[in-house]
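In what follows, a structure is listed as structure tokens, so that the remarks can point back to it.
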Amino acid sequence: MTTPHAEAANNTLPYEPEKATLEGRNKVLGFWLFLGGEAVLFGTLFATFLALRNQTNDGPTANELFHLPLVAAATFILLVSSLTSVFAIQAMHRNRPALLRNWLLVTVGLGLGFLILEIYEFSQYIRHEEFGMTTSAFSSAFYTLVGFHGAHVAFGILWIFVLILQMSRKGLTVVTAPKVYVSAIYWHFIDVVWVFIFTVVYLLGKVG
Amino acid sequence: MTTDQHSPEGGIKHRHRHEGPQRHIVVFIFSIVLTLIAFAAVAAGGVNATFAVIILLVMAVLQVILQMGFWMHLKDKGHLLPIIFMLGGFFIAGTCIVMSLYWVWWD
Amino acid sequence: MAQAAHTLNPSKPLGHGHSVKRHTGLMDWITTVDHKKIAILYLIAGGLFFGIGGFEAILIRIQLIKPMNSFLDAQTFNELITMHGTTMIFLGVMPVIFALMNAVIPLQIGARDVAFPFLNALGFWTFLFGGILLNLSWVMGGAPDAGWTAYTPLSTSTYSTTHGVDFYTIGLQIAGLGTLIGGINFLATIITMRAPGMSFMRMPMFAWTTFITSAIILFAFPAITVGLVLLTFDRIIGANFFEVGAGGNPILWQHIFWIFGHPEVYILILPAFGIISEVIPTFARKRLFGYSSMVFATILIAFLGFMVWAHHMFTTGLGPVANALFSVSTMLIAVPTGIKIFNWLLTMWGGQVRFTTPNLFAVGFIPTFTMGGVTGVMLASAPADFQFHDTYFVVAHFHYVIVGGLVLGLFAGLHYWWPKMFGRMLSEKLGKWTFWTFILGFHLTFFVQHFLGLMGMQRRVFTYLPNQHFDVLNLVSTIGAFLMGVGMIIFLTNIFLTSRKPADAAADPWEDGRTLEWSIPSPPPEYNFKQTPLVRGIDAFWKEKTAGHTEMTPAEPVGSIHMPSATMLPFLMSVGIFIAGLGFMFSRDEFKSDFVGFMFNNYLVTAIGLLITFGSMLMRSLFDDQGWHIEPEELEGEQI
């Protein structure tokens, strides 16, 4: 890795490059609007889950299914990945593309770890607990809510990975910077949704 | 649409102070602590259920406010509209939750 | 722009070294990202679906013209009422609303384009392919037949055994995606693209209602997205959200549907309010009365619109507390709506009113919509609703607000902005014929339905017994429906005859234009404004006129204008989603051909569709759109 000063000398990027152009500012604003809609999307999914969480149809209940250590591990991984994506944006603001790339790689790696844990968890339920999508209203609501979040994580991983590839070709510019910034906002939002999932689905499931 | 007269604001010389990683690590530690409290309240057992639910929800909301404020930059200047639209989204989401708790099942 | 005199030599390299590829003919329309062309696409597609929905309505009315009629069987009738409601709301009027928004909003706020031209095109194409998918049901094994509300358990696989409801869920899912994209685009456009000096409180009312409507879209559509996903999962992969036997709850569907569905009706009516608020001041030659109270009322209606959904569910047994709560919140909506009605009346009061076609529709809107509002307050009373529920009284009510409100508003807007969109004035004479036949036909059709409902005729019945006092009123209603059809045919004739006339409309063809769109040529050049205008007050153009100016004061010198490139990708993405939707829908079917079965049953068709969509997204992300520039010397050639 080159020294930060050498990197900064290579190109002159404005402070907060994500807001340097009107297109960039529009992108950030438009993405926030989209997240407002996403809040309603997950709100409706949470509402569905809360309405059906005790409808177990003689299948496994939340209390029987969930293992807190696994959830705690997943939570910790996602929380750390949120922090690393903050570091990525800080590196971007300092115009240090190599550092930015490294932090994004760490974020993507942690996201993959979270996803693997989730797939492992689901497969355990399906194979050993006879708890599938069709078992009960509770199971349908559980898989749909947590699965929607998992799909968001998967999409985020692909997205950030594409951005890493793009930056390796185009570098950090006023075109790529808003994309990176927006993907970081998205990643934090995924983490925020997970905070509610581990609270409402797993911990409340244990409390009953 | 930009015309070419608009040059990036970067041309103007500002002295920007880059914020360090310290405050984000503090937010991270707070998040971990709030998460631990929530997990502990459940794992410990014996906690009154209603009390546990209140603790869980307070911890979740605190953590979300922290992360959205600092990590998603909502506390920074120029974020009024994102805040308005996020609050709007959360408000409608809350309406859905009220619906699911009170008006789906009844005796 | 195909019809504009503006032609560029494709081989000539433009400024900044980007050469621009110009498409012609069909490719031009498929690849366009120009909001004015997308407006025309929305208008054509919306008009087509509106025609289909109208034809379905005529068939319904023919079946009901006399008791015990056997023109249609019960199954076909159920499919027709379902598709009539779904088509009209999601595929008929919403695109026409988006057509007017696209045609007018950037011009009204003094912008050269929308915030996201690419997404704008994507929104149109997803809407169109969703609509096509839904209507394919007619030729692919039966249309949905569970009503436009698709209430569970009727719409679950137990009771709706054909693919009809699958076409409904997947088709609306795709079309809804397009609407959501459009909503976000207009929110961002109005927030960031306003001309210098145009503060929020100087925006024309149509821009305000578009802004608020888009916010409602943003918060309401994700709810139906989830609802449709749940119903799709129940029907296709055997989930149990609404299956009572496995612990599900059908009431949940009603809640989710109406948490979306009630805001949806405000999504429909608020743009009409905006149109009326533009047309009435123009033809009264007076500033809109109570502008800030209009803004406030719009915001209040949007907020209350989210708080009233359970008034559709008074008879499900939510209990007295919930019913009282939702009764009161519903009645509250009458307050801001009343403010609007009085503001329009007071705008006309003392004005120099000209009864042009747009103004006729606007003036006809006021009493007609008020009647719909009054029956709305009647329905808001929970005890009375137990009598009205699921009768023709409800049918009369919502047709008064949607047709008597929104559709009259759309007619007003189309006649008003037609010269701006196409450069040709619609014939005033035929326009007035349209108005009188349509509004007379409308009242004839739906006024009598109030009484049919009060006398006990239920909605959605495919026939009725004679001698229950239903016979004459149903006959009258059907005659009215045909009269509305005549009005539509006159309107189409008007469009056809107008299209053969030369495009010679003046920039300000109504001569009393108040807002920015009338300060530029009809139709506007591709870049809208040669120089971004400086806005000095409400009704910016009128303000300049009263100061003795004939055009706006520019806010910038003449310069090179950056334009976004045309692209095929929005179309391809929508094709991908369309294929994926069809693939998912038929994933559990048996096929004669082994290969086809293999492709569908292993979700390979879905995968191919998603691959096309995500591949297009990847292309969009990897290859930057540099856009192209129109140079000042090319602008000078324009007639401005």
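For all residues, glycine too, the Cβ spot is worked out from N, Cα and C.
Any TrEMBL annotation is an automated prediction that lacks curation.
Per TrEMBL, the feature domain 'Heme-copper oxidase subunit III family profile' maps to A:29-206.
Residues or ranges marked as transmembrane segment by TrEMBL: A:29-50 (among others).
Residues or ranges marked as transmembrane segment in TrEMBL: A:70-91 (among others).
TrEMBL lists A:103-120 (among others) with the feature transmembrane segment. Taking Cβ pairs closer than 8 Å, the transmembrane segment (A:103-120) reaches residues 70, 73-74, 77-78, 80-81, 84-85, 87-88, 91, 146, 150, 153-154, 156-157, 160-161, 163-164, 180, 187 in its own chain, all 6 or more past its ends.
Annotated transmembrane segment per TrEMBL: A:140-165 (among others), in sequence order.
Sequence-distant contacts of the transmembrane segment (A:185-205) (same chain, at least 6 residues past either end, Cβ-Cβ under 8 Å): 28, 31-32, 35, 38, 42, 46, 49-50, 53, 61-63, 65-66, 68, 71, 74-75, 78-79, 81-82, 85-86, 107, 111, 142, 145-146, 149, 152-153, 156, 159-160. For A:185-205 (among others), the entry in TrEMBL reads transmembrane segment.
Here the transmembrane segment (A:70-91) has long-range neighbours at 97, 99-100, 103-104, 106-107, 110-111, 113-114, 117-118, 121, 153, 180-181, 184, 187-188, 190-191, 194, 198, 202, meaning same-chain residues at least 6 beyond its ends whose C-beta is under 8 angstroms from one of its own. Non-local neighbours of the transmembrane segment (A:140-165) in the same chain are 41-42, 45-46, 48-49, 51-53, 62, 78, 101, 104-105, 107-108, 111-112, 114-115, 118-119, 122, 132-134, 176, 179-180, 183, 186-187, 190, 193-194, 197, 201; each lies 6+ residues outside the stretch with a CB under 8 Å from one of its CB atoms.
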